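Take this structure, written in structure tokens, and hold onto it; I'll ask about it next.
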Amino acid sequence: MALIEDALYKRIKNRVGRAIAEYGLIEDGDRIAVGVSGGKDSYTLLHMLDTLRRRAPVRYEVVAINIDSGYPGFRADIIEEHLHENGFTVHMEKTDHYGIIKEKRRLDSSYCSICARLKRGALYALAQQHNCNKLALGHHMDDFIETLLLNQFFVGALKAMAPGMLADNGLTTVIRPLVYVSEEDIIQFSRNNRFPVVCCCCPVCGSADQQRRRMKELLKELEKENPYIKKSLLRALANVQPRHLLDKRLKS
């Protein structure tokens with residue numbers, strides 16, 4: 001399919017390109033696994049990386065990978081069909097994460113956190129299996145900001161996400177090229193291009209992450225007073241002033 005090359009397309013492409021350049025996310029010879037969940041974010045990321053690849057000053061490969069967590073009703077076939085139709089190299093993996101979560105999860109533990117850890121490990125393994133040195137994930141600007149607030153409000157830590165970092169396995173570099181792209185733009189871009197969005201079919205999807213939903217609501221309220229609040233919060237992540245913080249480890 002040919003993407004609709006309107007002003008929105010150009011804005012997203014420019015912001016992805018800016019993130020890649022500023023943080024050195026892609027280098028010559030990279031083989032990048034893109035985690036494609038079937039959601040709007042990962043489709044946008046995949047198509048943008050492929051678009052930029054065609055005119056990039058460096059040569060890199062893009063490989064689409066998907067982890068089926070085993071939730072009943074998940075339509076992996078729809079994702080696979082879209083990827084093949086658009087000429088992507090595709091690797092799909094079926095797991096029984098759903099069964100593992102049902103068996104191992106404690107009543108007081110988060111369903112989402114266990115699922116995320118299992119899926120992350122599977123993505124790392126699949127990327128390594130197919131000789132990919134980098135794993136691209138579809139976290140966008142709103143995810144960075146919401147994570148910053150969640151960690152401050154509920155964890156007591158001043159942290160969010162990194163646009164690029166070495167994974168815990170010490171082998172795979174995780175990159176997040178959508179750091180400058182808003183969720184609002186991604187929603188519209190996905191609609192414009194009619195991406196076949198697939199629900200993960202998790203039994204608690206849409207109800208479990210109440211804290212993140214509250215952060216979205218809070219930001220929406222604050223935007224009424226300050227339309228630039230998201231840009232300001234994102235800018236704060238790149239403007240850390242250690243002398244004005246309390247962490248003794250930062251003192252020279």
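Each residue, glycine too, has its Cβ placed from N, Cα and C.
From Swiss-Prot, here are the annotated features:
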MOTIF     37-42  motif 'PP-loop motif'
BINDING   Cys112, Cys115, Cys202  [4Fe-4S] cluster binding site
According to DSSP, does Cys202 ([4Fe-4S] cluster binding site) fall in a helix, a strand, or coil?
coil
If you count the C-beta atoms lying within 10 Å of each candidate's C-beta, which of the binding-site residues Cys112, Cys115, Cys202 ends up with the smallest number?
Cys112
How would DSSP class Cys115 ([4Fe-4S] cluster binding site) in three states?
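Looking at the DSSP assignment, Cys115 ([4Fe-4S] cluster binding site) belongs to a helix.
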Give, as a single whole number between 0 and 100, the mean pLDDT over the motif 'PP-loop motif' (37-42).
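Within the motif 'PP-loop motif' (37-42), the model's average pLDDT equals 97.
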